[in-house]
Amino acid sequence: MLNNAMSVVILAAGKGTRMYSDLPKVLHTLAGKAMVQHVIDAANELGAAHVHLVYGHGGDLLKQALKDDNLNWVLQAEQLGTGHAMQQAAPFFADDEDILMLYGDVPLISVETLQRLRDAKPQGGIGLLTVKLDDPTGYGRITRENGKVTGIVEHKDATDEQRQIQEINTGILIANGADMKRWLAKLTNNNAQGEYYITDIIALAYQEGREIVAVHPQRLSEVEGVNNRLQLSRLERVYQSEQAEKLLLAGVMLRDPARFDLRGTLTHGRDVEIDTNVIIEGNVTLGHRVKIGTGCVIKNSVIGDDCEISPYTVVEDAHLAAACTIGPFARLRPGAELLEGAHVGNFVEMKKARLGKGSKAGHLTYLGDAEIGDNVNIGAGTITCNYDGANKFKTIIGDDVFVGSDTQLVAPVTVGKGATIAAGTTVTRNVGENALAISRVPQTQKEGWRRPVKKK
């Protein structure tokens, strides 16, 4: 169906008192992303010409957190209801566009449902998203005559008979810009709350003989709002369960779907295995036959085919070629790169460092601002001393180098191809190819030496 141009209004002015937080409610995160950002992303994916964000409490924090040139910021200085919020945005509506109204604390609304609502909107009428609940207490009821929607009655204003209605308003609707502005101008606050309800436009449209079409979401969770942290945590589990199900159906082996969190996007190959309590953040790519052990965190990284990441390893902004092994308890920080077949063992940290093909750093090592060649062995306790307190410097290690345990490489320094660094050496000057570098205090031995005894 050919749709009109459309703009989106997102209501995000609420304080969120029941969150007991200094952070605006809509900035609390679900799957690692602010709730309102989920809604903004949906609006952009729908192709919104403009996104009008109605804000009130915590406006400065919102503007700091949301970096989107497509956002038009609309202040609602006083929170006098949803109709009042829409009235603040109305001057920005074009007469010939559709206006879709969303909520910043309803984060799981799907693009598919919104597109169905958009397609269903009748010419000159309103598309309304509704659901049926076994217990509709507290929600606005949908009133009908002969099956046609005639209005919405808020729970506090409803009669006993109307409170028996199970079909409720989700608050999400779409209408033409010119119609919306006209109806908004007619709203009054003559109700129990003394507020301007956007829902009153349904009755106004009906009085004009306009058609109101109700559409239901695919899942109830799509229209569930968040008022407290308990509700947020429940929606988090709903979201994570849905993501885990998609991955399982796509061939990813999740050992326990209930103990897996996806906080971004995951691109994967075949026969990927992910153990329990793994967190995927940002944009992550896993190649074929990748295995990830329990308790790992992978963020904004590319993991090549046949890599194995052992338990409790953290990988952030890193790139691993094929057949690399990492961990357990390893940390790859931004700029870490492992070439094919490289190995990083337990308690090894890398940052802005490249480890060549077949090279190994097995234990208790820090490699920062380093370029390490192929088939290099980095002994336990090796440290690249890359920082002098003001500036950082690079360490370069050629192919086939053997670095003994407890070695310090004071950058800037270069170790030539095939060189050997003896255990316990502090390297302060360049080492030539195939040379042995050794710097130790000569060992002495004192016969009959006794340890000090505590004075009584």
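One-based numbering along the chain as shown.
Backbone N, Cα and C define each Cβ position, glycine as well.
What you see is a predicted model, and the numbers here were worked out from it, not measured in a lab.
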*Report the candidate from ARG354, ARG440 that shares the acetyl-CoA site with ALA380, ASN386, TYR387, SER405, ALA423, as recorded in Swiss-Prot.*
ARG440
*Using Cα coordinates, what distance in whole Å links ASN386 (acetyl-CoA binding site) and ASN377 (UDP-N-acetyl-alpha-D-glucosamine binding site)?*
19
*Could you say which of the binding-site residues ASN377, ASN386, SER405 has its Cβ with the most other Cβ atoms inside 10 Å?*
ASN386
*For the region 'Linker' (230-250), find every same-chain residue at least 6 residues outside the stretch whose CB is under 8 Å from a CB in it, and list them.*
28, 30-31, 35, 107-108, 221, 224, 257-258, 260-262, 266, 268
_Tertiary neighbours of HIS363 (active site, proton acceptor) (same chain, Cβ under 8 Å, six or more apart)_ = GLY345, ASN346, PHE347, VAL348, ALA380, GLY381
*Over all shown protein chains, what is the count of other CB atoms within 10 A of the CB belonging to ALA380 (acetyl-CoA binding site)?*
19
*Length of the line joining the Cα atoms of GLY81 (UDP-N-acetyl-alpha-D-glucosamine binding site) and ALA423 (acetyl-CoA binding site), in Å*: 72
